[in-house]
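Here is the structure we will look at, set down as structure tokens.
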Number of protein chains: 2
Amino acid sequence: MTKPLAIGVAGLGTVGTGVLALLRDNAETVAARAGRPIAVTAVSSRDRTKDRGVSLSGLRWYEDATALAADPNVDVVVETIGGTEGPAADLVRAALSAGKPVVTANKALLAVHGAEIARLADRKNVPLMFEAAVAGGIPAIKAVREGLAANDLSRVLGILNGTCNYILTQMRERGREFAEALSEAQKLGYAEADPTFDVDGIDAAHKLAILAALAFGRPVDFASVHVEGIRSVSALDIKLAEELGYRIKLLGIARRTDGGIETRVHPCMVPVSHPIARVDGVFNAVVAEGDFCGRVVLEGRGAGGGPTASAICADLIDIARNRRTPVWGVADGALSALPSIPMEKRVGAYYLRLMVLDRPGVIADVTAILRDHHVSMESMLQRGRAPGEAVPVVVTTHDCEEAQMRAALARIAALETVVEAPALIRIENLQ
Amino acid sequence: MTKPLAIGVAGLGTVGTGVLALLRDNAETVAARAGRPIAVTAVSSRDRTKDRGVSLSGLRWYEDATALAADPNVDVVVETIGGTEGPAADLVRAALSAGKPVVTANKALLAVHGAEIARLADRKNVPLMFEAAVAGGIPAIKAVREGLAANDLSRVLGILNGTCNYILTQMRERGREFAEALSEAQKLGYAEADPTFDVDGIDAAHKLAILAALAFGRPVDFASVHVEGIRSVSALDIKLAEELGYRIKLLGIARRTDGGIETRVHPCMVPVSHPIARVDGVFNAVVAEGDFCGRVVLEGRGAGGGPTASAICADLIDIARNRRTPVWGVADGALSALPSIPMEKRVGAYYLRLMVLDRPGVIADVTAILRDHHVSMESMLQRGRAPGEAVPVVVTTHDCEEAQMRAALARIAALETVVEAPALIRIENLQ
């Protein structure tokens, strides 16, 4: 067996310590799979005193993460610090510039600066790996970039944020409203004290931007992703969705259309018969649809020290075996220039739930507006009667363009008889 | 771009022509992903006159497949002939001996002669790839061999035969008996005229032997796989399973226990809440459970020209990119010597359905036998009353050893009041 691959781990949070634990516990398996031992030789973290449950004895310690890039006894840098700027970004650029392979779990960095960092990696001909950045323990990056590489993919989508999926599952199973489910998730450690990145869809959008780049062989383009979170999803809509044969999931969807690539993150109604509808709790899932493979569904744990370490160490094994793939699956010069399509062009069905005063003529007003904007109704349902009071009215539409739906919605929301902001949820009639 | 990778395709059935169609239709995508064009230059098939829907003009034609191995203008041999002996085996051995990479969809060959052929490939240092041999369009081989390589896997299991899954799904959804469902599947082309390989579990066992070798880094050992098919599954048992909260699936299961590796293919009752319970029709699924990744589920199309071609061409792209992995994931010298555990040692729960004469004392006889063999009952259910006639009695057990259950079963089957061969189905309480 050849000499060990020497790893420097930056960041000793859940993920960094998970990597140390895996390389310790599964040293024999990893060495056999990698063809050589993989050993951590240096780490970087600010707090040296904290007990992390893994031994750090014998490891060189750097307070400044960037120093790992300069350590001649570090072959590969593992970045688990996080964040789009600061030490994580500095370290990744420094390591690649120094010709050292980088393995990172940092979806934010890749989504925001991925195009530039990937060019640096390609120019230096150094691996930049990030299986852990999307869907944790599910080998989704490898599946899309290598396993399904012979296909023209038409769509890649997924449940990419476990916090949101946990909250939506609790709302459905226990009839909770968002705020209550969020607070419970926070108590259980499934949501952060500041849940913005998760519940507003930003984390999922980071991951979707990466998946879209891989699926369609184009530079990552986070700025073009349409992002909506789950704060406005109500228990009532989840219940009504169920009655209509749908589940509400926060999906990231990247789709190839005639005009280019559509990328969006928002709550969706998906048919209960689709496998992704049943992916509940903190689990993640990725669905890829290709012209030859058909539909492939991957499901597993999207976060946590164990699954993330599993993904990082798979990347380390690839590096040890010298298995190389261009960052976005194709060489820099072969990247596609497919344009991003704005959200207004999305074509699909919609669920619209209004709270209207139970008064003659309300339905006529709503339907007239929909007709004016060429939105064709598939069904309409008024729930209960309460003369003079507010009752829910649910409309589902046939396929129409988002711009038409939004124009209609603005007029409907302005009706005097519509007493709350309407709830609009896109229906994805996945097969 | 460098010069094309020249492919020789042996066998022009559904799979071989699928490969030709993919490399024609997706030539640009494949070239970008592979870093060079991949082009078929030669083919082998016996019938030159048949219209296969793909152009063969300009391709060298060999009646003898083995000649592909000797063609200096063939860089890689794709074997889609099938069968454990004869031309497929001759070609694979000849190509590897000549130092040519081989991509094969031939699970039977790999299961039966894989240990020897893999040694040949390793000795010659030539890639032997077979993503298409297991679960068609699902990149399951890559997931287990590379994506989850850092884990100690405890179990790999799957729905590995689409024909059986289609038949069982039809039996459940339409209340059909096996013979009728098989005959319908044959009419629709989902089952062969001679369905033995599929319905008797042999095809699934071939695939399981391969998966087990990859998951546990050991030489393939088909002979040790316990194999039962689905011929004896009845519509009644499917219905009773449903009432108990289970679905009946033909699973291939490879499990690591303290004593070694258990490999078995047989009808199983799985909880309806497990994702694999809802994988219906011709779809396949593979589940891997690892110490760090947790449970990962992969689902997709397990057969057909398109999905199989997708898998074969992914292997070709790996070869074009020079991404190399030892055949069973670890070098020949690092293969594990974990012994295979015989079926008699399986520990788990059982479903036992008897047809008994509705007569006093029958239940007492059955329960006494179970007690004698230390089989502890979890539930017992007698369905209906029909004094003096046969009624079903269903017993589910707590975990016990297969050997105990079989001993008890033999005595129960011999009871005068038990009027049909008892149905015994293993319960897999998957999480």
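Positions of Cβ are set from backbone N, Cα and C atoms, glycine also.
According to TrEMBL, the protein has these features:
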type: ACT_SITE; residues: A:LYS207; note: active site, proton donor
type: BINDING; residues: A:ALA10, A:GLY11, A:LEU12, A:GLY13, A:THR14, A:VAL15, A:GLY16, A:THR17; note: NADP(+) binding site
type: BINDING; residues: A:LYS107; note: NADPH binding site
type: BINDING; residues: A:GLU192; note: L-homoserine binding site
type: DOMAIN; residues: A:351-426; note: domain 'ACT'
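Shown on the structure are the features that TrEMBL records.
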residue: A:ALA10; record: NADP(+) binding site; Cβ neighbours (10 Å): 29
residue: A:LEU12; record: NADP(+) binding site; Cβ neighbours (10 Å): 24
residue: A:GLY13; record: NADP(+) binding site; Cβ neighbours (10 Å): 13
residue: A:THR14; record: NADP(+) binding site; Cβ neighbours (10 Å): 15
residue: A:VAL15; record: NADP(+) binding site; Cβ neighbours (10 Å): 27
residue: A:GLY16; record: NADP(+) binding site; Cβ neighbours (10 Å): 27
residue: A:THR17; record: NADP(+) binding site; Cβ neighbours (10 Å): 22
residue: A:LYS107; record: NADPH binding site; Cβ neighbours (10 Å): 27
residue: A:GLU192; record: L-homoserine binding site; Cβ neighbours (10 Å): 13
residue: A:LYS207; record: active site, proton donor; Cβ neighbours (10 Å): 27
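For A:GLY11 (NADP(+) binding site), the Cβ neighbour count at a 10 Å cut-off comes to 26, with all displayed protein chains included. A:GLY13 (NADP(+) binding site) sits 20 Å from the residue listed as 'active site, proton donor', taking the CA atoms of both as reference points. Rounded to a whole number, the C-alpha distance linking A:ALA10 (NADP(+) binding site) with the residue listed as 'active site, proton donor' is 21 angstrom. Across the domain 'ACT' (A:351-426), the prediction's mean pLDDT works out to 93. In the three-state DSSP classification, A:ALA10 (NADP(+) binding site) falls within a strand. Using CA atoms as reference points, the recorded positions A:LYS107, A:GLU192, A:LYS207 were checked against A:THR14 (NADP(+) binding site), and the closest is A:GLU192.
Secondary structure from DSSP puts A:GLU192 (L-homoserine binding site) in coil. Each residue contributes its Cα atom, and for A:GLY16 (NADP(+) binding site) and A:LYS207 (active site, proton donor) those atoms are 20 Å apart. Of the recorded residues, A:THR17 (NADP(+) binding site) and the residue listed as 'L-homoserine binding site' place their C-alpha atoms 19 Å from one another. Report note: the NADP(+) site is defined by A:ALA10, A:GLY11, A:LEU12, A:GLY13, A:THR14, A:VAL15, A:GLY16, A:THR17, and the residues of the same chain whose CB lies within 8 Å of the CB centroid of those residues, excluding them, are A:VAL9, A:GLY18, A:VAL19, A:SER45, A:THR80, A:ILE81.
Using Cα positions, the member of the binding-site residues A:GLY11, A:LEU12, A:VAL15, A:LYS107, A:GLU192 nearest to the residue listed as 'active site, proton donor' is identified as A:LYS107. For A:LYS107 (NADPH binding site) paired with A:VAL15 (NADP(+) binding site), the C-alpha to C-alpha distance reads 13 Å. Between the C-alpha atoms of A:LEU12 (NADP(+) binding site) and A:GLU192 (L-homoserine binding site), the distance comes to 18 Å. Spacing of A:GLY11 (NADP(+) binding site) relative to the residue listed as 'L-homoserine binding site' is 18 Å (Cα to Cα, whole number).
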